[in-house]
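Asks: Please see the structure below; I have some questions.
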Amino acid sequence: MRDPVDTYMNYLIPMVVEQTNRGERSYDIFSRLLKERIIFLTGPVEDGMSTLAVAQLLFLEADNPKKEISMYINSPGGVVTSGLAIYDTMQFIKPAVSTLCIGQAASMGSLLLTAGEKDMRFALPNARIMVHQPSGGFQGQVTDIMLHAQEILNLKRRLNEIYVKHTGRSMDKIEDALERDNFMTAKAALDFGLIDAVIDQRPTDDTSKAA
């Protein structure tokens, strides 16, 4: 039986029809929003999602390197290296990237949320944010297991450094916060420094920005 979520993503994506001087032109809803410089990061962070996100970031930079990009995040997290590919691209490109959590930003999702441009990191009131240390498993020879364990420790240290950079918290505070699954409300994430504001509606004087 086909996964209902997979069915939704593949068959029920709305289309938008616009009138142009050359007649009608149709877009799927996500492509239309991409024209407005809006990127969606939804679902698990893995190589396929990461590749699409990086490609969209690079495309929007090429389109206009001075205009901000809005990234909407609703993700349970996923593969660390896939998330770091998105993170590095966000830091690499010229446009400022605004982030907004809708639903949840857990694990790597929370890191991408806090990686947005300073003063441009937001969450909706009922969003949930979760931070924790990386996890992994490996089978094989003892030496290989030890090497993989060391790599996980290296990744843990690097992720902690990223959280320190973007939250302004000390390394000790970050290590304590990430020791176990740490679930936060939007307000708690604001107090911790993961985001800059909790918003419940668009500013009345600017409806053009996505966040």
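Glycine is treated like the rest: Cβ placed from N, Cα and C.
So Swiss-Prot lists the following for this protein:
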- SER107: active site, nucleophile (ACT_SITE)
- HIS132: active site (ACT_SITE)
Asks: Cα of SER107 (active site, nucleophile) to Cα of HIS132 (active site): how many Å, rounded?
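Replies: HIS132 (active site) has its Cα 6 Å from the Cα of SER107 (active site, nucleophile).
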Asks: Do any residues at least six apart in sequence from HIS132 (active site), in the same chain, have a Cβ closer than 8 Å to its Cβ, and if so which, in order?
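Replies: The answer is SER107, LEU178, GLU179, ARG180, ASP181, ASN182.
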Asks: Three states by DSSP: which one describes HIS132 (active site)?
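Replies: SS state of HIS132 (active site) = coil.
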